[in-house]
C-alpha cells in the first residue's frame, strides 16, 4: 500500500482538489531509475486525483439519511476505493504487459485482498483531517496529527517486519528447492505446478486468500523429504524392490524430520501437515499414517489431489502422460477412494475454467517464456503417485 495513501486523503479533505494530487506527485523519495520514479509519481498523483474527484462530488452533492449527513463517510470510503483502483490497477496493468499473465489473474492473486485494507483505513484519513482542524495541544493541529502518526508508524514498522519474514521464508524455500533440484533436474516445474493448482483449489475451498497463499508455500515443500532418499533409488527408471519402495514411502516423514529444527520459527504446523500427509488417501489406504476421510488435514488433501493430477499429466520413460481430459476422468473416478469428493467437485469446476495449469505443456511453455512469472523461486520435485489408485509398477515416483 502506498505510504502516501492516508496523507493524500487527509490533504484532499483539507485543501482544494488540485493540491493533494500535486503534493502526491511531488512528495516522492528518490532512489529509483528515472522512468520508475516517474511512473510512481504519476501513479500516486493520478490515484489521488481520482480520489479527490470522488470526495468533491460528495461534498457538492450531500447525501442525507433523515437528519444525518452521510457525505463525509461515503465520500471518504469511495474516495479510498477510487485511489485503490487507480493505484493498484496501474501496477496490475504493468505486470500484465510485462509478464503476459491475464490482467484478472494478476489482480486476483496479488491485490484482491488489499481492497478491504484501503476501506478499513480510510476513516483514519478523515480522523487525521479532523484532528488537524481541532487542536488538542497549543493552537496548532499538527501536534494532534503527530499523536496519531506515532501508532501508525509502529504499525507500519511491524508490517515491514512481517514482509521481511515472508521474504526470509521464500529465500529459505529457494535454498531447499535448489538442493533438491540438484538431484532431480528433469522435473523442474513439478512443485511449482502443484503449488499453483493447490493455491487455486485452496482459494475455492476456503475463500481465504491468505490461507491459499500459505498452502501454496507448503505445497512447494511437499516433497522436500526426497533430499534424504539416495539418488540410485530416487532416479531409478525401472520398477523398485519392496525395500526401495518402502524407502520412497518414507520421504514424508523424512521431510518433517528435516525441517523439524525450524518448527515454529520458519515454518508453521500447516507446512508439516502437508509434507507428512499429502500421500494419505480418502479410503485410508495411503501412507504414512493410513488416515482416512476428514482425519486427513484439509491442506494435505488439497495438495495430494494437485500432486496426483500433476503426476498423471507428466510423462515418464516408463509411463505415457495422460491428457488433461484423461487425468480429470481419473480424478473423478477416484472420488471417494483416493480423493475427497468435495475437493474433486471443486477441482472439476476450476479445471473447466481452463486455468493455465490445466495443460502441462502450456504451463511449461508459459514458465519458460516468462508468461507466468512468480515472485517466488521456481522449484524442482518429482511426483510420488504413478496413478491415482497407486496401482501398477512401483517406481521411484512412489
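Along the chain as shown, the residues are counted starting at 1.
Each residue, glycine too, has its Cβ placed from N, Cα and C.
Please treat TrEMBL annotations as automatic predictions, because they have not gone through curation.
Feature list (source: TrEMBL):
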COMPBIAS  376-398  compositional bias 'Low complexity'
DOMAIN    165-363  domain 'HD-GYP'
DOMAIN    187-312  domain 'HD'
REGION    373-398  region 'Disordered'
TRANSMEM  72-95  transmembrane segment
TRANSMEM  111-131  transmembrane segment
TRANSMEM  137-154  transmembrane segment
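Averaged over the domain 'HD' (187-312), the predicted model reaches a pLDDT of 90. Helix, strand and coil counts under DSSP for the domain 'HD' (187-312) come to 86 helix, 2 strand, 38 coil. Residues 6, 124, 127-128, 131 of the same chain sit 6 or more residues outside the transmembrane segment (137-154) yet have a Cβ under 8 Å from a Cβ within it.
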